[in-house]
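K.L.:
Please see the structure below; I have some questions.
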Amino acid sequence: MKTIHSAKGNSLIYKAISQVFMLVMTLLILFPIYFMFINSFKSRPDFIKNPIGLPAPFTVQSFLDAFAGKNFVSWFGNSIFLMLASIVITTLFSCLAAFAFARMDFKGSKTIFNMMIPLMSIPPIIMLIPLYKVMAVLNLVNTRASVILIYSGIMVPFTIFLLKNFFANVPKSLTEAAFIDGATQFQTFYKIIIPLSKSALITASIVNIVWVWNELLIALVFLQDESMRTIIVGLTLFKSRYTLNVPVIMAGLSIATIPMLLVYIFGQRYLVQGLLSGAVKE
Amino acid sequence: MKYKNRLGLVVPYLYIMPAILIVTLIIVFPVVNIIVNSFFTTVGGKEVWFGINNYIMIFKDDLFWTSILNNLRLFASIPFITVFAILIAALLYDKILGWHFYQSIIFTPYILAIPVVGIVFSYILQYKGVLNTLLASIGCESLVKDWLGTPKLAIWSIVAVVVWKQIGFGVVLFLARLGSVPPVLYEAATVDGAGWWKKLIHVTLPQLATTIEFFIIINIINMLSWVFDFVFVMTGGGPVNSTYVMEYFIYQKAFAGSLVNMGEAAGVIVLIFAICIIAAESIIRKRLEDFQ
């Protein structure tokens, strides 16, 4: 790789200082994550004696205890279900709309699109009270459907924004050729645009997955039944009630974090690109 | 034929319909509804016109001012996040040894759930927690504090956790922007004999200017209206209400107390702030797109 900023002339001192600085930063960043994982593998007395060092003895009992917790498995399942359902709805609705915004001429297209974009920055706390009333009227409080609807509604503007830019860049000649071959508009959409936009779809989905999985406020307010909670809400409320057995809490947090770490490790490129797309145009 | 044409005119609207409906239900309607309802009060289950009395009640509520002040205190995280992110991005841009590894690590906190981060830090920061043990063991007993349990200190502990959580996004954002800076600029500076520091001041910072503005604005929005999770998990607004923020104030009024309309009026105040900032954001976003 090219080294432009530094060039070759950089002194040893510069290299040493920058390495020391970065190592200190890395340690500061890693310590809390290390603290969480390492203490998941300790017994309770071991944690009290030695909260920083390696486990002695190493035990997975805390993980077993966490899973044995009354609702832990259903919390995990709920998070997965809410995530899948809301991502599917968001992606479907956003693809259709982004296709229209990117490839069709219609009255108000620009205006509607431009009104949609700022909506992605409106903080959920503002929608919370009215949404609670809406869901009460629809008889949806304490149902998964309410949360799926809300998550989808919140994710749609960002997803349309990201996909529209991508769809617009698919060469016109491709869709025109298909059109001449007798394909309908909808066929050009799902046979040409969608397959060519796989990376944008993955990017949007990964950003959305991370957001849904980590969300607290909406799940907290709308899913009040103990067995309906998401893993994040479950752990948050669990922590405030059982603060004594720290390794079990750390094990629970680790389990809630591992799926996102996997997403990060395998989808880093997409995730970073997706998060940046709000700021830096590709 | 005529029929078909007219149908063709409707088709685009059919494509955008599902998205428009759900966004209207979940975002637009609630925003309108909260504004209207902030001028009403609930009497015996019915909404009754209340003028600006909800707002007057809020302005007389000490907790409201505590909350606003705390949101402003959280702004203190922004200079730290920004400066560190720029420094780190500039170093990583130099492709120092292991830069890719460093970047991956530094971004990691950004993908962790705030509640997870908050719970882990509350164990690290508690009075008998690891931080105090470490401080004591290196002989800094005077620094041993109840980081989250002292009213004057708790909000600043939250600021520190926010910095830890948010820095990675800044690094990645600035690094991406630096990737599109013409290499010629750095080459020219090198030829002129500029050192690392001079290049940072005279090339990197001016090139990053718009991105920095944008980054600061996103962080202002975050500190104003996306910090509920930190407060809820780490302090629950305490000790003695010292870490209330606007979102927590609204949540408490509406869902713990039963002052729903007061919560709505507080929501409108946050909305007004948010709209001002979002307007500034979209202006800067336009400028960002223009020069790319």
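Note: Cβ is positioned from N, Cα and C throughout, glycine not excepted.
Pasting the feature list from TrEMBL:
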TRANSMEM  B:12-36  transmembrane segment
DOMAIN    B:68-281  domain 'ABC transmembrane type-1'
TRANSMEM  B:74-93  transmembrane segment
TRANSMEM  B:105-125  transmembrane segment
TRANSMEM  B:153-176  transmembrane segment
TRANSMEM  B:208-228  transmembrane segment
TRANSMEM  B:265-284  transmembrane segment
K.L.:
Would you call the transmembrane segment (B:208-228) and the transmembrane segment (B:105-125) in contact, using three or more Cβ pairs under 8 Å, pairs 6 or more apart in sequence?
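P.N.:
Answer no: the transmembrane segment (B:208-228) and the transmembrane segment (B:105-125) share fewer than 3 Cβ pairs below 8 Å.
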K.L.:
With a Cβ cut-off under 8 Å, give me the same-chain residues at least six positions beyond the ends of the transmembrane segment (B:265-284) that come close to it.
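P.N.:
The answer is 31, 34-35, 38, 54-55, 57-58, 64, 210, 213-214, 217-218, 220-221, 224-225, 246-247, 249-250, 253.
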K.L.:
Please report, as numbers and ranges, the same-chain residues at least 6 past the borders of the transmembrane segment (B:105-125) whose CB is under 8 Å from any CB of it.
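P.N.:
Apart from its flanks, the transmembrane segment (B:105-125) reaches 88, 131, 147-148, 157, 161, 164-169, 171-172, 229-230, 232-234.
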